[in-house]
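These notes are about the structure you will find just below.
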Amino acid sequence: MTELLQWARHHWRRLSHGRAQGEDERPYNYASLLACGGKSSRTPRPAGKHRVVIPHLQCFKDEYERFSGTYVNNRIRTTKYTLLNFVPRNLFEQFHRAANLYFLFLVVLNWVPLVEAFQKEITMLPLVVVLTIIAIKDGLEDYRKYKIDKQINNLITKVYSRKEKKYIDCCWKNVTVGDFIRLSCNEIIPADMVLLFSTDPDGICHIETSGLDGESNLKQRQVVRGYTEQDSEVDPEKFSSRIECESPNNDLSRFRGFLEHANKERVGLSKENLLLRGCTIRNTEAVVGIVVYAGHETKAMLNNSGPRYKRSKLERRANTDVLWCVLLLIVMCLTGALGHGIWLSRYENMLFFNIPEPDGRVISPVLTGFYVFWTMIILLQVLIPISLYVSIEIVKLGQIYFIQSDVDFYNEKMDSTIQCRALNITEDLGQIQYLFSDKTGTLTENKMVFRRCSVAGFDYCHEENAKRLESYQEAVSEEEECTDTLGGSLSNMARPRAQGCRTVPSGPLGKPSAQLSGSTSAVGNGEGSGEVPHSRQAAFSSPMETDVVPDTRLLDKFSQLTPQLLTGLDGTAQSSPLETLYIMDFFIALAICNTVVVSAPNQPRQKIGLSSLGGMPIKSLEEIKNIFQKLSVRRSSSPSLASGKDSSSGTPCAFVSRISFFSRPKLSPPMEDESSQMDEIPQASNSACCTETEAQNRAVGLSVSSAEALSGPPPSASNLCYEAESPDEAALVYAARAYRCTLQSRTPEQVMVDFAALGSLTFQLLHILPFDSVRKRMSVVVRHPLSKQVVVYTKGADSVIMELLSVAASDGTNPEQQMIIRERTQRHLDEYAKRGLRTLCVAKKVMSDTEYAEWLRNHFLAETSIDNREELLVESAMRLENKLTLLGATGIEDRLQEGVPESIEALHQAGIKIWMLTGDKQETAVNIAYACKLLEPDDKLFILNTQSQDACGMLMSAILEELQKRAQVSPELASSRKNFPQPSDAQGQGRAGLVITGKTLEFALQESLQRQFLELTAWCQAVICCRATPLQKSEVVKLVRNHHHVLTLPIGDGANDVSMIQVADIGIGVSGQEGMQAVMASDFAISQFRHLSKLLLVHGHWCYTRLSNMILYFFYKNVAYVNLLFWYQFFCGFSGTSMTDYWVLIFFNLLFTSVPPIIYGVLEKDVSAETLLQLPELYRSGQRSEEYLPLTFWITLLDAFYQSLVCFFVPYFTYQGSDIDIFTFGNPLNTAALFIILLHLVIESKSLTWIHMLVTVGSILSYFFFALAFGALCVTCNPPSNPYGIMRKHMLDPVFYLVCVLTTFVALLPRFLYRVLQGSVFPSPVLRAKYFDRLPPEERAEALKRWRGTAKVNHVASKHASQSAAMSGRPTPGSSAVLAMKSATVSTVEQSTRETALDRGCSEPGASKMTGSSAS
């Protein structure tokens, strides 16, 4: 509710929050109180002057005061007001709204005696009431924020005191930059701090960042390099270094700086060393850090931008019409002024009408007319709908409530429903014309399953794994069923007590329980400590993803990897085949080339609720930790490993000298046809005795035979939990584990991998070069434990890896063999992509120590740089990632989500043009497009894949010419069109699809080709942009939106989709497995793509229709009622006199006629949800804005003028010649106007419920009750008028009832006849669909069938006509490529048949070659 209140005042709050440093206030989002936001929705602030952080110690006192003492403390203040400034500041903010200023001007104007229209005090009442209500609401909200701020600021943490020389309890608000802070497990980090110590022996700290980015997976942060090898906790008194870093900014993914020791030695700092405010320490007993940013300068607080404000298309249209109403008001007031001047001129000589001023002066008619103009402004002010904007906001809140209450949006597996984060653009959901969708995680499940691989040029189909996936169904475990039976989700169960950070044994089944989803209660000290904490389950760890079935051929080859084979000391004449060593390196790369965190599956992750923070002393956690230290068993130590240090003992030189990983062995191909292409390589002569071999086996921990090891998974593998940042990494690690190459542990210094036949090997981790969208790859630099060589393992997109391969390999193969491997792998990659698999290439590089030292020196300079660090690091990575040796490729399957094809088809029928923007390769994207029905088998597909900008322009011209011929439109006629063809125009042209690659898209986005590109895409129903970067995605959305002037809707699930989500009219985030960045940046968040169809086709249609008609109704009722006052001016000399008491005039719009349109705007349903989903083409009415066109607005005003004429002159002629007074004449006018206005809404309503009727009758009764009470009790409220008994007298007069009935009938007759004729003679598609809802089920089904059949026949006929026209023309340069692509992509059934045949052929000799040639 707080967010709703914040949004209502967001547009004027921005102008008054620019305060400095600790006292500045920013809009606050209480959804994430401690973290204050998610992924930054604003452009990162440029770092200006660098920040120098000096330790808060006695020895640095003077320097500290000069630097760190000038920074803000950790106190936060999100309140806006104080007791002294509340009234003036709140009024200042409220008067930033133009409507409030307008009515304030009218109040002041009414205090001018010459233009006064009503009693002065009365005119102030409406504005005062509105301002008071909003002020009370703002005050209560601000007081609530004050209490929460106070609670947070008074939280306790451990801060090192330079006076007491120890850590003491200190409030968060007193923490300053330079303080040393000690945190325990499960504590929330109070400020941004650099990690200096961790109790973990490897210098690792685990944190949970769900408050920042929504990701529940644990993240690793590491101690600053040089502080890892500490035997004891860091002593602040011995800390003699200083920190220099960038100025505070809101970029959560970046931290640049360095730590400079007393000897001027520098150590680079990155985000891996930074603990952010709002995160929680997990699985680490204690950490120590130094504060670098505090309070409002922390990254979390800088990301707290509050709710974003967007204006909908309908709101912009309404604002334009408000200006037309202002113009109409001015015209009516000018008419009144001129009329009064003319009237006075006619009676200038008659003193009865020309009364002089008290001083005897006579005012000229011209000046009097000027005064009357302003009097008329006050009198007719209601023409500007003051209650319109308030009513719109109330209606939108009601619409949001019903959207969020729709059970069809509930995802039972994720226990989540739709989130409406933008509250003012619901109606735009009904007018979307372009949809931009990510692929992975949006259209697909984002459950990456290892499907196939290619190693050393040989394809491995994994047939058994394919069969498992086809028949796989995730079964609910007995434990989960029991949980559901006992009380639903864990969030609804009693919270377990907080536990220590040591490992707790898992349950009897050995399966991890669901992760805790709620906050725990405060740590108690009562009994019942026997509660077992629920264990957590990592993401990307469902059985479908983890249970990989190995390929038997590949497993047989990998089983040849024995200690004797590696060392060449088996006493035989054979040497190890090169292919086996390729396989070994391939799986090593899969296991270690990632950032996967390895942990036990049953480690508890307790959460601390805000309600318990204030009363939870730190010593409670310490007591619980001590209990578990006494009760738990020490972590079992790993077996003896061959780390870089250990393996050098003994006689390593002799051992390593005899190992030749790439020492000219020969390939041993399994297929005859492929083996003929590879030359044999001379053997290496190696010999040794058995005794030496056994010693070496013991040195590397090889204690089991390969046959025994391969018979089952390693004993410890089932106890490991992999937490990956992306599902691809997890899938590759699980695939390596399936081949008994198990990632056992990872620290900042080393990675341990367990081989079935070799035991555990420890790789010294030298560097990790993370993935980025520029390089499209990641690498790890390790020192091999056996060869002692520096090896670079790289994985990434095939488009970039293939360009980085070395011509002359250093592994004993000649260039011809490398070329054969490369060509085979490329054929396999193309085949994988055509099957819709996600592809990656794996490569390696061996470096000498000299080469590595030279690269390291340059890389160190990049790491310690603050300015341009990202660019320098990319350049350094590119210097390393070259001259690679290709090891193989992987194909990972990511299945479509349930209901995606049906949703895509429905959105197509709704006239929405859909673009797929993906980073995958072309073949994969096209295959998924066919699978999800974005493309149909008979669609004409055009491919844009060029290497130059000129070629791109020529190809686009050729494709455009072909499309124009297919549409039977000459190029001259097409080029003469001012506007591009819209989606609805393309229905009769035959469907066309366009595929464009990332590099070609870069050319197309150039200014010289933008218009041509947009014109081409406007002719296509579907566009696929593959290999697109996040920046290109946002540029495409902006280009289409700005040039076509259409409403755009991007949808995505990952951080790479945030940019395009933010630049569009409506952004949709999918809450998937890649964190919550997209959700936090979106306007609406859903859990599955199929929910989008109902959100747009049903709720979008309803919201647009309701709000459009409600806005038109407000204009109608205000114009109709104000014109009664205007027509009366013709009979009172345009004097600005009202025939209605001002109290009635005020409440007529604010009370008697305001509630029914609000109910209409919330509950109106022109067509049922079932019909809207079955007939998606009804959505096109919203795209064409049929409910609210400019013509509709002016027709509504003309109808209002007509009804006001009838409402005025029927009573006028009825009472003409009678002796009734002015207010007695005005009473039947008001009563008839009330009936006309309320019944007008009844005629416009498509679905009347008991709520509609109750509100309508209630409005009428409240009017009569008020009129009777006012006439009896408020006789002298508005002197000199006397309303005593007016309504009572009229209710006793039959003529009054006759006048009201006759007036209402005559006024509404044209509107009623128009609606009758519209529904019977020329019904719109929406009205026809409305009739279907009234039919019995059998007749309704038959009617819908006829509707769809007619639409299908028309569509097929138009398609056949366009295809015949296309066949008569000459083919374009792109058509041959299209035919090739279409021939390679078939329907779903044919594709499954072909895949089965390929799988069978893959296991037979010679089949791989045949498959590769056919694919090429």
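Every residue gets a Cβ built from N, Cα and C, even glycine.
Feature annotation from Swiss-Prot assigns topological domain 'Cytoplasmic' to 1-97, 142-321, 387-1110, 1164-1192, 1243-1252, 1311-1416; the stated evidence is sequence analysis. Summarising the annotation, Swiss-Prot assigns topological domain 'Exoplasmic loop' to 343-365, 1132-1142, 1214-1221, 1274-1289. What Swiss-Prot lists as ATP binding site is 438-440, E729, F771, K795, R838, 918-920, 993-1000, R1027, K1033, 1056-1057, 1361-1368. Positions annotated as Mg(2+) binding site by Swiss-Prot: D438, T440, D1053, D1057. Positions annotated as active site, 4-aspartylphosphate intermediate by Swiss-Prot: D438. Per Swiss-Prot, the feature compositional bias 'Polar residues' maps to 514-523, 976-987. The compositional bias 'Basic and acidic residues' annotation in Swiss-Prot covers 1392-1402.
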Practice problem: Within 10 Å of the Cβ of F771 (ATP binding site), how many other Cβ atoms can you find? Include all protein chains, please. | Solution: 20
Exercise. Sort V995 (ATP binding site) into helix, strand or coil using the DSSP assignment.
Key: strand
Practice problem: Please list residues from the chain of D1057 (Mg(2+) binding site) whose Cβ is under 8 angstroms from its Cβ, counting only those at least six apart in sequence. | Solution: D438, T442, P1030, K1033, P1050, I1051, G1069, A1078
Quiz item: Which site among D438, D1053 has the most other CB atoms no more than 10 Å from its CB, taking these as binding-site residues?
Solution: D1053
Self-check item: Integer Å distance between the CA atoms belonging to T440 (Mg(2+) binding site) and N1056 (ATP binding site)
Solution: 11
Quiz prompt | Long-range Cβ neighbours of the topological domain 'Cytoplasmic' (1243-1252) (under 8 Å; 6 or more residues past either end) | solution = 1109, 1113, 1156, 1159-1160, 1163-1167, 1308, 1311-1312, 1315, 1330
Self-check item: Chain residues outside the topological domain 'Exoplasmic loop' (1214-1221) and at least six past its termini with a C-beta under 8 angstroms from it
Solution: 1228, 1295, 1299
Exercise. Going by Cα-Cα distance, pick out whichever of the binding-site residues F771, G919, V995 is nearest to D1053 (Mg(2+) binding site).
Key: G919
Exercise. Could you tell me what the rest of the chain brings near the topological domain 'Exoplasmic loop' (1132-1142), counting residues at least six beyond its ends with Cβ under 8 Å?
Key: 117-119, 122-123, 335-337, 339-340, 343-344, 353, 372, 375-376, 378-379, 1124-1125, 1222-1223, 1225-1226, 1229-1230, 1270, 1278, 1281, 1283
Quiz item: Mind checking how the topological domain 'Exoplasmic loop' (1214-1221) divides into helix, strand and coil residues in DSSP?
Solution: 2 helix, 0 strand, 6 coil
Quiz item: Cβ-Cβ under 8 Å from K999 (ATP binding site), same chain, 6 or more residues apart: which ones?
Solution: T946, Q947, R1027
Quiz item: Within 10 Å of T440 (Mg(2+) binding site) (Cα-Cα), which of the binding-site residues F771, G919, V995?
Solution: G919
Quiz item: When the pLDDT values for the topological domain 'Cytoplasmic' (1164-1192) are averaged, what is the result?
Solution: 91
Practice problem: Go through the chain and flag residues at least 6 beyond the ends of the topological domain 'Cytoplasmic' (1164-1192) whose CB is under 8 A from any CB in it; none is fine as an answer. | Solution: 313-314, 317, 430-433, 906-907, 909-912, 983-984, 1093-1094, 1096-1098, 1100-1102, 1104-1106, 1108-1109, 1111-1112, 1245-1247, 1324-1326, 1329-1330, 1332-1333, 1344, 1347-1348, 1351
Self-check item: Protein Cβ atoms within 10 Å of N1056 (ATP binding site), excluding its own
Solution: 22
Quiz item: Any idea what DSSP makes of D1057 (Mg(2+) binding site), helix, strand or coil?
Solution: helix
Exercise. Please work out the helix, strand and coil residue numbers for the topological domain 'Cytoplasmic' (1243-1252) from the DSSP assignment.
Key: 5 helix, 0 strand, 5 coil
